[in-house]
Every structure is written in C-alpha cells, then in structure tokens.
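Features of the protein shown, as given by Swiss-Prot:
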- Cys30-Cys86: disulfide bond (DISULFID)
- Cys34-Cys60: disulfide bond (DISULFID)
- Cys45-Cys67: disulfide bond (DISULFID)
- Cys49-Cys69: disulfide bond (DISULFID)
- 20-87: domain 'LCN-type CS-alpha/beta' (DOMAIN)
- 1-18: signal peptide (SIGNAL)
Amino acid sequence: MKTLFLIITSFILLEVEGIKNGYPRDSKGCTFECGQDAKHGDDYCDKMCKTTLKGEGGDCDFEYAECWCDNIPDTVVTWKNKEPKCKQI
C-alpha cells in the first residue's frame with residue numbers, strides 16, 4: 001500500500017505529461033508539409049519534431065506529404081486524416 005501511495009505521489013509531483021504520435025499542426029491549424037524529396041523531407045521533419053515540438057523524432061509520410069512525429073507531448077494538436085489539412089484550431 002505504501003508503494004502504491006509513493007508511485008501516485010511521484011506522478012503528481014513530476015506532473016507527468018502523456019505522449020502520442022501523429023501529424024502535428026502549426027499555429028494556423030495546418031499540417032507541416034514535407035514535399036516529395038525523401039532525404040530533405042525526412043531531415044526536415046525529424047528536426048522539426050525534435051526541436052520545435054520536443055518529440056523523439058519524425059519523418060516524412062509520403063502518402064500524405066506531411067510530417068509524422070513520434071512521442072510528441074499530448075498538448076500538440078494533431079491532424080486526423082479525415083479532416084482538412086488546414087483547419088482553424
């Protein structure tokens with residue numbers, strides 16, 4: 001019982017934030033386009049996901065020509081593939 005209490009208290013004190021994967025949206029509600037160049041697109045997305053969004057990394061999903069990010073904070077708004085790629089948020 002004490003162990004459970006310590007674990008719960010630790011999470012509260014650390015304010016653990018959830019993570020998710022997805023196509024992030026910018027401040028205008030648009031996804032990050034990465035184009036058709038595989039090398040440039042993957043480098044751009046990986047850097048943007050790590051630096052701007054504090055994720056683990058990312059790459060260009062060439063099916064949608066949009067950046068996909070791994071392990072980004074839950075607070076980042078992401079695109080659902082049935083929505084328009086630019087949407088007011």
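Backbone N, Cα and C atoms are what each Cβ position is placed from, and that goes for glycine too.
In the three-state DSSP scheme, Cys60 (disulfide bond) falls into the strand class.
Taking Cys69 (disulfide bond) as the reference point, the disulfide-bonded residues whose C-alpha atoms are within 10 Å of its C-alpha, out of Cys30, Cys34, Cys60, Cys86, are Cys60. Per-residue confidence over the domain 'LCN-type CS-alpha/beta' (20-87) averages 89 (mean pLDDT, predicted model). In the three-state DSSP scheme, Cys34 (disulfide bond) falls into the coil class.
For Cys34 (disulfide bond), applying a Cβ distance below 8 Å and a minimum sequence separation of six or more within one chain yields His40, Gly41, Asp42, Tyr44, Cys45, Cys60, Asp61, Phe62, Ala65, Glu66, Cys67. When each of the disulfide-bonded residues Cys30, Cys60, Cys67, Cys86 is scored by how many other Cβ atoms sit within 10 Å of its Cβ, Cys86 comes out lowest. Under a cutoff of 8 A between CB atoms, and with a sequence separation of 6+ in the same chain, the neighbours of Cys49 (disulfide bond) are Pro24, Gly55, Glu56, Gly57, Gly58, Cys67, Cys69, Asp70, Ile72.
For the domain 'LCN-type CS-alpha/beta' (20-87), DSSP puts the residue distribution at 15 helix, 25 strand, 28 coil.
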